[in-house]
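Colleague: According to Swiss-Prot, the transmembrane segment annotation covers 7-24, 34-56, 91-113, 149-171, 207-229, on the basis of sequence analysis.
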Amino acid sequence: MESTMSPYFGIVVSLAAFGIGTFLFKKTKGFFLFTPLFVAMVLGIAFLKIGGFSYADYNNGGEIIKFFLEPATIAFAIPLYKQRDKLKKYWWQIMASIIAGSICSVTIVYLLAKGIHLDSAVMKSMLPQAATTAIALPLSKGIGGISDITAFAVIFNAVIVYALGALFLKVFKVKNPISKGLALGTSGHALGVAVGIEMGEVEAAMASIAVVVVGVVTVLVIPVFVQLIGG
């Protein structure tokens, strides 16, 4: 059923929830459960449920926000352009690392889903989680997945990387800025880039190229796994 609610409703709810998440994240000095995106998601769902609003009421404005996903993804080219000298110098190492990481990500998700006997539709929904939302959602729909599950998987994956990515890099003593950026972008897409930006220009650029390449590799590799699932 279509909603007559103003698009501003969904936009205001999203911005307010994200603002609260940002405030809590800063106040708790980066406690991972208060990652802004995760808090915004929980608060948004709670607000709609308690207020008796439908998803259609929210999505009038949500679609406007969603429109900016593609331009935001393209904007990753800006930090990459600034570090094009490093891309030229280490291009094959960079590409090999991203491709290997992408394939490993999809393979691990497939094996885990297979191991716990998930339904085929759910498995297909989980496979694109390594790609950014702008790529993962249409890809999931195209292979017979469930977009809502894919969206949750992508966001959950990104939240984990945003909250704990820097910590994991320290634990595994990753010090090279190129390696840091590639790891963040390959595992955490857009929010991985956000962490990279906080670290430096090189990390941001490498994370950006990782997001783009992971998207391409995911699109090429997933049909193989869909055949294994039986689809």
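Glycine too: its Cβ is placed from the backbone N, Cα and C atoms.
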Colleague: Quickly jot the same-chain residues contacting the transmembrane segment (91-113) by Cβ under 8 Å, restricted to those at least six beyond its ends, or write none.
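Modeller: Residues 122-123, 126-127, 129-130, 178-179, 182-183, 185-187, 206, 209-210, 213-214, 217-218, 221-222, 225, 228-229 contact the transmembrane segment (91-113) from elsewhere in the chain.
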Colleague: Can you tell me which of 7-24, 149-171, 207-229 gets the most C-beta pairs within less than 8 Å of the transmembrane segment (34-56)?
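Modeller: Checked against 7-24, 149-171, 207-229; highest Cβ contact count belongs to 7-24.
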